[in-house]
């Protein structure tokens, strides 16, 4: 079932805020209206009685009351209470299929013309339907960046026309293709302007020394069904070189949009403008760097040679001008950009209606699939845009998409299939009355469509009884005009029947000019004359009422603005316009400002109060309560659904799974695209140590597109002993390696030390000397004596 508690809660808050003001208060009589026209402006429920003898002669305001009260008090058929209405002037039925021919009148939106008559404050509601018909003609203009960095891309698209036409003719029988190219403005600092670079800006560039002179934009091939012409034109092209990184592509986009005759856009065809580049664009005010101070005029400036002649004369176009001209000519812009610039161009899509962005491979090999994806994305959604909306008109939208659920405050449907019909309920309300006999015309147009609904608005701000006015009527004593049951007295006359002249002494009846005993005459803001108050004029506004007790300038203000500019001041109290509440009408009941891109109100973590999210989930914060570190994330929430489906073999009709997956649109796949920029990737570990992956995309309807793997990814479980041996072996190997390294280092060190020792030893030189402390082991002593034995003598040494 759809998620609606947040908007419902916001509406209940608005009603609760209004109840204290409405209880016991008759907004019609409290407004002190003194004419039929003033009465009708107070509130759409107020009515005026034009019966001559109705009510108290002194109480003019009693004529302005609720219709039921007027009837109860005796005013029968003379009640003025017009209501808003509309009348369908032209309503051709929706086509079911295009003929594939531009000559066929294909209707994708109905009705086509409506006349609306509005009473201020009174809403009127009508329905319109939009359908993307089958086999609708397609015009595709390929706009390519031919700066030097795109050379490999140019080489890869030389046969693009044939392949692209084959794929597109599977979607439509009437397809035409055109081609244009751009670089940048041929002035400094955007391009090389030195004389040596005039004919070849690539001089001195080693990788690619030859290229053509720089240029702004060239329209090379008008839209044609001859794909050979496209291929031939692409083969002729050569790249150029500019000086700075940004390119002048937005100049080219604008010219391709506004030069309708040159490009050849057909009236009855889907217009696709494919913009391919690998860098960021120049935008408005960048041209001042080159001395270009004239803003872009939004006009076509292609000469007979189909070259952009104002490139060096005007600044780059702004995003606002670009969006206006693309919408004006029903052109869907497709940004085909490299991945590193994806987010920049993604932000551009939020500022330029009808724009999509796709990631282009570095060599443009995926360009055909990219275009097909963008085409399917464009054809799967319908978004209403408003053209020339009058300032005093409020519009409210409610979308009913393919699921049959109504989404208040939304004017876009996504996820449509070709042939689906999207319905929109449009409510109009006038806030005030413009000058008399004013008629406004505005248009409702689906973005990128030729079809539109023209709405003519007239304002019901006069009373029917005003037609029968009686100048100098006898009912007014010949001194005033009788109109709608009252006398409008001529200057100098007063009284309900103009029976008194201004200045007559009526002091005896002065108490009739006091609101209560003891209070000042006419509340101190008027003179009592002819038994009634004549209120003073004030520079701040109007003073009125039977006792001059009311004014239209003493109400609450917000930032110095009376009733915040969203209401009317009546007798000291703000009467808020539809869509606003509060004492000073500063609180908007519009919940669209609280709706995120996924269609959820305050991320379902709070309620919308006065156009701002009030976060109620503990820990939630942010403009849309989108940040919540302590909240269960969407992956955890959707995991229950996925696990239930796995348990029950993917059958969502199981009662438990149906409850858990009631807001999910399930798609089973064999492989998950992990780099999808639009989807959120979730994964978790199962009980069997497998990894289960899924992605989800939140839809504006409150549901989610859930893409789930058919089977969890499970690897082969390794043997425990294998793991143990591997770990032990690794430790031993690391230890042995460390020991070997240590031994090697020690050996190297020892060898160096030994070599050093040997070197020093070889260089050493010593003298021969004896150690004085050294004694030889053999000593010789000489004894001088004579030995006589046996009459022999001996004279020698003894050892």
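For all residues, glycine too, the Cβ spot is worked out from N, Cα and C.
Copied over from Swiss-Prot, here are the features:
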type	residues	note
DISULFID	28-46	disulfide bond
DISULFID	36-463	disulfide bond
BINDING	147, 149, 247	Mg(2+) binding site
BINDING	149, 152, 153, 362	Ca(2+) 1 binding site
DISULFID	202-211	disulfide bond
DISULFID	433-461	disulfide bond
DISULFID	489-498	disulfide bond
DISULFID	500-530	disulfide bond
DOMAIN	550-586	domain 'I-EGF 3'
DISULFID	587-610	disulfide bond
DISULFID	594-608	disulfide bond
DISULFID	602-613	disulfide bond
DISULFID	615-625	disulfide bond
DISULFID	628-631	disulfide bond
DISULFID	690-714	disulfide bond
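Known features from Swiss-Prot, placed on the structure.
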residue: 28; record: disulfide bond; contacts (Cβ under 8 Å, 6+ apart): 39, 42, 43, 45, 46, 47, 64, 65, 66
residue: 153; record: Ca(2+) 1 binding site; contacts (Cβ under 8 Å, 6+ apart): 144, 276, 278, 363, 364
residue: 489; record: disulfide bond; contacts (Cβ under 8 Å, 6+ apart): 476, 479, 480, 495, 498
residue: 613; record: disulfide bond; contacts (Cβ under 8 Å, 6+ apart): 594, 601, 602, 603, 606, 607, 623, 624, 625
residue: 690; record: disulfide bond; contacts (Cβ under 8 Å, 6+ apart): 712, 713, 714
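In this structure, residue 489 (disulfide bond) is part of a beta strand by DSSP. Secondary structure at residue 587 (disulfide bond), as computed by DSSP, is strand. Neighbour count (other Cβ atoms within 10 Å of the Cβ, all protein chains): 21 for residue 211 (disulfide bond). Distance noted between the C-alpha atoms of residue 433 (disulfide bond) and residue 247 (Mg(2+) binding site) is 49 Å.
The shortest Cα-Cα distance between residue 530 (disulfide bond) and any of the recorded positions 149, 152, 362, 610, 615 is the one to 610. Residue 587 (disulfide bond) has 615 as its nearest neighbour among the recorded positions 149, 211, 362, 615, 631, going by CA to CA distance. Rounded to a whole number, the C-alpha distance linking residue 463 (disulfide bond) with residue 149 (Mg(2+) binding site) is 70 angstrom.
Cα of residue 149 (Mg(2+) binding site) to Cα of residue 362 (Ca(2+) 1 binding site): a distance of 10 Å.
Counting every protein chain shown, the number of other Cβ atoms lying within 10 Å of the Cβ of residue 500 (disulfide bond) is 20.
Cα distances from residue 362 (Ca(2+) 1 binding site) to the disulfide-bonded residues 202, 500, 615 are smallest for 202.
When the Cα atoms are compared, residue 610 (disulfide bond) and residue 147 (Mg(2+) binding site) turn out to be 50 Å apart. When Cβ neighbours within 10 Å are tallied across all protein chains shown, the highest count among the disulfide-bonded residues 202, 594, 610, 628, 714 belongs to 594. Listed in chain order, the residues near the Mg(2+) site other than 147, 149, 247 are 145, 146, 148, 150, 183, 184, 242, 245, 277, 278, 279, each with its Cβ within 8 Å of the site Cβ centroid.
Averaged over the domain 'I-EGF 3' (550-586), the predicted model reaches a pLDDT of 85. In this structure, the C-alpha atom of residue 202 (disulfide bond) lies 11 angstrom from that of residue 147 (Mg(2+) binding site). Neighbouring residues of the recorded Ca(2+) 1 site, listed in sequence order and excluding 149, 152, 153, 362, comprise 150, 151, 278, 363, 364 (Cβ within 8 Å of the Cβ centroid). Residue 147 (Mg(2+) binding site) and residue 628 (disulfide bond) are 45 Å apart (CA-CA, integer value).
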